[in-house]
Amino acid sequence: VVATRTSGEMDKPLISHHLVDSDGSLAEAPREVPKVGILGSGDFARSLATRLVGSGFSVVVGSRNPKRTAGLFPSAAQVTLQEEAVGSPEVIFVAMFREHYSTLCGLSDQLAGKILVDVSNPTQQEHLRHHESNAEYLASLFPTCTVVKAFNVISAWTLQAGPRDGNRQVPICSDQPEAKRTILELAQAMGFTPVDMGSLASAREVEAMPLRLLPGWKVPALLALGLFVFFYTYNFIRDVLQPYLQEGKNKFYQLPVSVVNTTLPCVAYVLLSLVYLPGVVAAALQLRRGTKYRRFPDWLDHWLQHRKQMGLLSFFCAALHALYSFCLPLRRSHRYELVNQAVKQVLTNKSHLWIEEEVWRMEIYLSVGVLALGTLSLLAVTSLPSIANSLNWREFSFVQSTLGFVSLVLSTLHTLTYGWTRAFEESRYKFYLPPTFTLTLLVPCVVILAKGLFLLPCFSRRLSKIRRGWEKDGAVKFTLPVGCALAQKTSHV
């Protein structure tokens, strides 16, 4: 079959002559390398120049003292005076502090019509003192330029190491869409993921991002610290203060290791139960309301959002508890106790001490504890973004929900085998205070019983229907705009 060529594109050769070298091999057509300017010679400017050169850009750096700073930049970057650096590039990065912006006012005519990329960050005091962002201040100094806020959340180390070793997202905002699009494409060429934050009015919010210190961890960290202080004080009163006041025994040496090791599992156990308690409360609210379309209270909504952080803190405390437990036999006090026990055994003429119940209790206690820590470790690992992104929603939900509940049950069994029958012994109630493990069992047992209650068909079916859109009233009413033929319309769900 002979195909007839049509006019136009089909008449052109498949390989352009401009792409063939004299020796017949393929070669890329020459293209103009985009040029980017940088004003500043600090650490960020040097890292930015390194990244731009590695991404295929031609970089010219403007410095007040180019001879002194030329050796700090890549050899491919041209370091010159500021007046010469702003001549040819259309995109210029302003890599200097806010108080130095005024030194560039002499370059206003040369910067007219160019894109200025502000990469600066204010300090906490400067952010509170100034009502306008650094980018807006720069725009007020150079009204003939287009200012774009970008790359302020990227550290100098990330620029040098590449986006694979740091955060990839780059928030970008500007009042000019074309200028913003240019910087978006530049960020993509550098290997980053640009995020459009809107107009330059968002620059103050973008500049506040690097000032936040773990914003999602504040409440969980304070909660964990509060639990630790409470249980540490409670254990100190029972295990150290009570023997000292009533029996004259000095056990203050237990404060650094033993009391801490008794406190850590309490904090980990309660935090883990608090991860799954808001889900129980949310399900109870949905059953009571008969709908899923009403918002949860703010306190419950915030509680649900902090579950990941509480779970990771629970794993941290559990891991510390395991390490402290391994260190217990290494203490000098533990060796003295073993020697004293051996001497007492000799004095009482007992050659064999073996309590079958205690042996089995400790074996089960340790085994269940290892299993609980293992499942909790799996929950912590799947919370990492790199692992979570490789799982589909059903897999992630299975690990975080099902295995998480299994971890809570195993932790409960670990606590119960530790307590065994001690909750029923009168001698365990020191200063009329119950043993610590009985306090930790309150919240987890409520969660486990509620979870088991929701598994009953009468509750599970109704809850499943509600989460699929069913409502107790059986209908949702929509009010049509005035002027329509029908005033109201009822849609049955």
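Yeah, the Cβs are placed from backbone N, Cα and C, and that goes for glycine too.
Keep in mind that what you see is a predicted model, and the values were worked out from it rather than measured.
Per TrEMBL, these features apply:
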- 35-122: domain 'Pyrroline-5-carboxylate reductase catalytic N-terminal' (DOMAIN)
- 266-409: domain 'Ferric oxidoreductase' (DOMAIN)
- 219-237: transmembrane segment (TRANSMEM)
- 257-285: transmembrane segment (TRANSMEM)
- 312-331: transmembrane segment (TRANSMEM)
- 364-384: transmembrane segment (TRANSMEM)
- 396-417: transmembrane segment (TRANSMEM)
- 437-459: transmembrane segment (TRANSMEM)
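Only pairs six or more apart in sequence are counted, and the transmembrane segment (219-237) with the transmembrane segment (312-331) gives three or more Cβ pairs under 8 Å, enough to call it a contact. Residue counts for the domain 'Pyrroline-5-carboxylate reductase catalytic N-terminal' (35-122) by DSSP state, with H, G and I taken as helix and E and B as strand, are 37 helix, 23 strand, 28 coil.
Averaged across the domain 'Pyrroline-5-carboxylate reductase catalytic N-terminal' (35-122), pLDDT for the predicted model comes to 94. For the domain 'Ferric oxidoreductase' (266-409), DSSP puts the residue distribution at 120 helix, 0 strand, 24 coil.
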